[in-house]
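The block underneath contains the structure these notes are about, expressed in structure tokens.
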Amino acid sequence: MSLPPPPDTAPLLREVAACLSAMPDLAGSGHLRMFEEEAARRLGIAHAVAVSSGTAALHAALSACGIGPGDEVLVPALTVIMTVAPLRALGATPVFVDSDPATLDLDYKDAARKVTARTRAIIPVHLWGRMGDPGSLAAFASEHGLAVVEDAAQAVGTARNEQSAGMVGTAGCFSMKDGKILWSGEGGFLTTDSGVVAAHARAFRSHWQPAPPGEAPFSRLATNSRLAAPLAALALANLRRLPDLIELRRAQTQYLLTALEQVPGLSALTPSAGEEWNGFSPLLRIKLSGPRAFAEHLAQQGVPNSTGSFRLVPCDTRSPFPRPEQPCRGTAEILDRTLAVVLTERDTQATLDHYADVIARATAAWAP
Ligand SMILES: *Cc1c(COP(=O)(O)O)cnc(C)c1O
């Protein structure tokens with residue numbers, strides 16, 4: 001097996017150079033508008049609104065869904081703090097829901113137990129690019145009358161049952177931080193079919209200017225979370241490379257998983273039936289004792305991974321939140337036992353061979 005060649009980076013330089021030659025761009029419109037139009041067209045949705053980060057996309061989307069003080073929003077504990085911070089900023093309360101270790105999907109029984117009269121929305125998080133069943137999500141949301149704002153920060157290019165990640169809910173939120181498949185260094189965008197949500201997000205990212213139809217500019221306090229023009233130029237060039245970037249990531253992930261197929265103590269977590277996974281991160285279940293220490297050991301040996309390098313823990317146990325009465329045990333099990341290797345488009349076959357070698361040796365020698 002061999003990897004496709006890495007996509008050419010020359011278009012990135014060309015697009016940024018074109019952008020710089022038009023600066024200062026007081027209207028802030030050229031590359032931003034091009035990126036938004038092309039993103040919406042390529043992703044098959046009515047509107048894309050570019051912002052300064054994935055966090056800002058979630059903030060704008062949740063605000064557009066009317067989330068505010070006193071509201072409760074269901075969030076999987078299987079996520080990063082960035083999913084939750086915008087809720088707090090809006091005065092809402094995150095209510096953490098467990099996930100099912102067998103599927104990585106939300107535990108809808110746990111979610112149903114946690115619905116109250118104040119619950120307004122649910123944020124499914126497609127962590128590691130994996131996507132839960134959109135049918136179960138839609139049924140749950142409609143039964144309880146909830147808005148759906150997807151955290152698709154890692155999930156560009158993933159689909160399940162022909163439904164693309166980020167295009168299932170009221171709004172889908174993407175990050176373009178370095179390390180995501182579609183990157184601009186820092187940046188993000190949200191997607192929606194709703195003109196009302198898009199207009200709210202455009203106002204929200206720029207101090208309520210332009211205001212949505214029928215409202216006065218600056219008549220509400222909002223944020224500056226605009227995407228800078230040179231970053232929009234990078235985003236546009238990468239958007240055009242996206243099919244190649246996704247193909248490469250899928251091939252890298254498959255390559256590493258194949259190389260580790262015969263290693264005892266590790267088994268690949270494979271996508272569900274009907275899931276077209278973007279291969280964001282090679283995922284392996286660690287069946288050794290002391291799995292978290294093993295992931296940390298691999299990080300020290302130069303194999304970057306979610307738990308070992310970034311200390312990913314269930315969000316309900318993070319210090320900004322009250323200590324949970326019943327912690328999300330399925331989530332803890334998933335995070336303790338999952339090795340999620342962090343890849344970039346620069347990782348060559350030689351890098352992946354090296355990772356496989358380090359992982360195989362470390363597994364054989366593991367005695368915690
Ligand atoms: C990266 C990421 C975010 C936040 O995106 P930023 O651009 O860093 O603000 C949110 N959720 C998930 C799952 C992410 O991976």
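Including glycine, each Cβ sits where the backbone N, Cα and C put it.
Residues or ranges marked as active site, proton acceptor in TrEMBL: LYS180. When secondary structure is read from DSSP and collapsed to three states, LYS180 (active site, proton acceptor) falls in the strand class. Less than 8 angstroms from the CB of LYS180 (active site, proton acceptor) sit GLY54, ALA153, GLN154, VAL156, PHE174, each of them six or more residues away in the same chain.
Feature annotation from TrEMBL assigns N6-(pyridoxal phosphate)lysine to LYS180.
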